[in-house]
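Here the structure is laid out as structure tokens; the discussion comes afterwards.
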Amino acid sequence: MKFSNISIAALFTILASTAMAAPAADSPDSIVAREPAPVEETYEAPSGLEKRGFGCPGSEKKCHNHCKSVKGYKGGYCDGPYIPFVGRPRCKCY
């Protein structure tokens, strides 16, 4: 199949026009079109939430003493496994 000079020129023109239609990677138009970088959120726990472990994990005596101070309970223990970034033992009162 032999291409004529006109078909080669038309093909070249189409390819050149599509290359010019897309903005360059670092042009101001492409930078504006990008989404802004995500802002890192910081979370500060309220003062009451920091104290809710009652010694779990690590000090079951704090948990036991906490439960003894609650009316109707004889004591307490740390219940559940410690899984990093997922969960930690909680103070269970009996």
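Placement of Cβ uses the backbone N, Cα and C atoms for every residue, glycine included.
Residues 83-90 are the range that Swiss-Prot records as region 'Interaction site with membrane interface', among 67-74, 83-90. Noted from Swiss-Prot: C91 is disulfide-bonded to C63, selected from C63, C93. For the region 'Interaction site with membrane interface' (57-60), same-chain residues at least 6 beyond its ends with a Cβ under 8 Å from one of its own Cβ atoms are 77-78, 82, 88-89. In three-state terms derived from DSSP, C56 (disulfide bond) belongs to neither a helical nor a strand segment and is classed as coil.
Between the CA atoms of C56 (disulfide bond) and C91 (disulfide bond) there is a gap of 6 Å, rounded to the nearest whole number. In three-state terms derived from DSSP, C63 (disulfide bond) belongs to a helical segment.
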